[in-house]
Amino acid sequence: MLDSKLLRTQLQDVADRLASRGFTLDVARIESLEAQRKVVQTRTEQLQAERNARSKSIGQAKQRGEDIAPLMADVERMGNELSEGKVELDGIQAELDALVLSIPNLPHESVPVGADEEGNVEVRRWGTPTAFDFEVKDHVALGEKFGWLDFETAAKLSGARFALLRGPIARLHRALAQFMINLHINEHGYEETYTPYLVQAPALQGTGQLPKFEEDLFKITREGEADLYLIPTAEVSLTNIVSGEILDAKQLPLKFVAHTPCFRSEAGASGRDTRGMIRQHQFDKVEMVQIVAPEDSMAALESLTGNAERVLQLLELPYRTLALCTGDMGFSAVKTYDLEVWIPSQDKYREISSCSNCGDFQARRMQARWRNPETGKPELVHTLNGSGLAVGRTLVAVLENYQQADGSIRVPEVLKPYMGGLEVIG
């Protein structure tokens, strides 16, 4: 969340910057609540001081042999008024807190200004899409030909937007995840992490999914215990490792990577990508998270994005890198790069990774800090996250880009060790 001091001292400037994201900040409501808070707080503090003075005078009156009943009545009345004032103050603060939690992050000055995805800026391209000399098939046709990609059975088990993978395609899916994890551990310096797939609400609030995006989550309600949510991304569990912690400067940067299933209701995706594996309720992803000192976060974003790009390069999949504009960035990000991989059957690039610097936005929500050796004081860390990569979409890209005229699939060179040396499937 944003710094409350910034909202008090530079509210209009914050509103102007948020407008570039298409977000309208309710300045009047915040100003009104802040004014109410100040009035009630001042009144409460004055009442507390007066009550303390009256309480002290009771002892003095007692020593003089005076009737203390009126003073006792005053103290009791003031105590009741203080209790009422606290309830009122808590109510105002709760509304302010809810408003602040609904405000997205401020975009970095280097982010291109735009209203939607049309305003995104292509930064670079890598690779050249293959010019096939036959009619390309999509991944659904390729997978169903041999019975290795089974949406009908998945629908029988779980409904729409699920997939059942079998045989060589299931093995290829596993190979991709193992290859990605090994690359990030061995070449990029990440620590492999196994995390819970179910988290409590504070973890999701810490990374920004709650309270604003609850409809996108799968929730498990338990009688007598805290509700649990299936993770929409390992970003939630990985980033929250440092929730409530004060890290030593020597611990930074922290670099975590995890391969997990992800669960999303896709509440806003009705009618989009209904065929195949592009948009699923359950999908696997290899997620990278970095926890860094504030001055290092922009350089870390470039490095993290490069880590994700390296996966695509080694798989020899054509892709492009986009700098997202202000109107297309995620809620918690100050700056985001999207990687889009070439999908031959659609004749276009599709998102396969999103890499974001969240600045101190998530850290403030989580109270994740480090001790600055120059000041000796705890300060907020900066957090970054990125897909390295979405495994299902990478599988789609491999199936389509490595297809042959007879419907068989060549195995990418870097995956052959994970596939027992298999050269072709199908």
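Cβ atoms here come from the backbone N, Cα and C positions, even for glycine.
Taken from Swiss-Prot as is:
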- Thr233, Ala234, Glu235, Glu287, Ser387: L-serine binding site (BINDING)
- Arg264, Ser265, Glu266, Glu351, Ile352, Ser353, Ser354: ATP binding site (BINDING)
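Location within the structure of each feature annotated in Swiss-Prot.
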| residue | record | Cβ within 10 Å |
| --- | --- | --- |
| Ala234 | L-serine binding site | 27 |
| Glu235 | L-serine binding site | 30 |
| Arg264 | ATP binding site | 20 |
| Glu266 | ATP binding site | 14 |
| Glu287 | L-serine binding site | 29 |
| Glu351 | ATP binding site | 15 |
| Ile352 | ATP binding site | 26 |
| Ser353 | ATP binding site | 29 |
| Ser354 | ATP binding site | 22 |
| Ser387 | L-serine binding site | 26 |
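Considering other CB atoms within 10 Å as the measure, the emptiest surroundings among the binding-site residues Thr233, Ser265 are those of Ser265. DSSP classifies Glu235 (L-serine binding site) as helix under the three-state reduction. With respect to Ile352 (ATP binding site), the closest of these binding-site residues in Cα terms is Ser387, chosen from Thr233, Ala234, Glu235, Glu287, Ser387. Within 10 Å of the Cα of Glu351 (ATP binding site), not one of the binding-site residues from the list Thr233, Ala234, Glu235 places its own Cα. Closest to Ala234 (L-serine binding site) in space, going by CA atoms and restricting to the binding-site residues Ser265, Glu266, Ser354, is Ser354. In sequence order, Val236, Leu238, Ala258, Thr260, Cys262, Lys285, Val286, Met288, Val289, Asn385, Gly386 are the same-chain residues whose CB sits within 8 A of the CB centroid of Thr233, Ala234, Glu235, Glu287, Ser387, the residues recorded for L-serine being left out. Taking only the Cα positions, the spacing between Thr233 (L-serine binding site) and Ser265 (ATP binding site) is 12 angstrom.
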